[in-house]
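Colleague: I am attaching a structure below and will ask some questions about it afterwards.
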Amino acid sequence: MADFPSKVTTETSVPNSQNSHGGNSIRGLAGSVSSRVDFSFIRSIPAMLMIAEIVFGLLHWALIAGTSIVGGAYGWVLFVAITLWILTTILFFIILFGVTQKLPAVPWPLTVMVYFSAATVLYLTAFITNAAYVPHHMTPYYGHLAAAAFFGAAVTLVYGASAFFSYFDWKGDGGNAATNTVPT
């Protein structure tokens, strides 16, 4: 026990570390978060499509949930809309914070392509159901349900575009014919 020093310090050698007054805790947290965010993803087409899916999806299910119609066909529409809205939001933050690089065992391009393809099919069924059950006579909720059908169509198209781009990402093509020419 003679080799053990009498005073042990656990402070790291990082400059501007937190002191007992808590001076740089907010600045350190902001720097830590901003260093983990993939800003190139935010400026990409897939990120813009995901943001559109989140916004239009929220409008879609909020318009239906704002009516007093419960169950039946609208139960399926709400299930699809809310579930895919939550999953898309989670997937957006997974990609934004670079979790895909920390889990290399997961085939992310394939996973994302399968997710967006399944979401497109599910949202197509939800949109068709939503549009088919909009009452043709003027009811107090006609405007809500018609607008929900419109946003259901918009979200379906955006999910389809995401599936299209994720297919090229999975295939590794990138969509540029000039970069993929192989001399024969």
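Each position is counted from 1, following the chain as shown.
Any Cβ shown, glycine's included, is placed from N, Cα and C.
Remember, TrEMBL labels are computer predictions, not curated facts.
So TrEMBL lists these for the protein:
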type     : residues : note
REGION   : 1-25     : region 'Disordered'
COMPBIAS : 7-23     : compositional bias 'Polar residues'
DOMAIN   : 41-171   : domain 'MARVEL'
TRANSMEM : 45-64    : transmembrane segment
TRANSMEM : 76-100   : transmembrane segment
TRANSMEM : 112-133  : transmembrane segment
TRANSMEM : 145-168  : transmembrane segment
Colleague: How many of the residues that make up the domain 'MARVEL' (41-171) does DSSP mark as helix, as strand and as coil?
Modeller: 106 helix, 0 strand, 25 coil
Colleague: To the transmembrane segment (76-100), which of 45-64, 112-133, 145-168 is linked by the most Cβ pairs under 8 Å?
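Modeller: Checked against 45-64, 112-133, 145-168; highest Cβ contact count belongs to 45-64.
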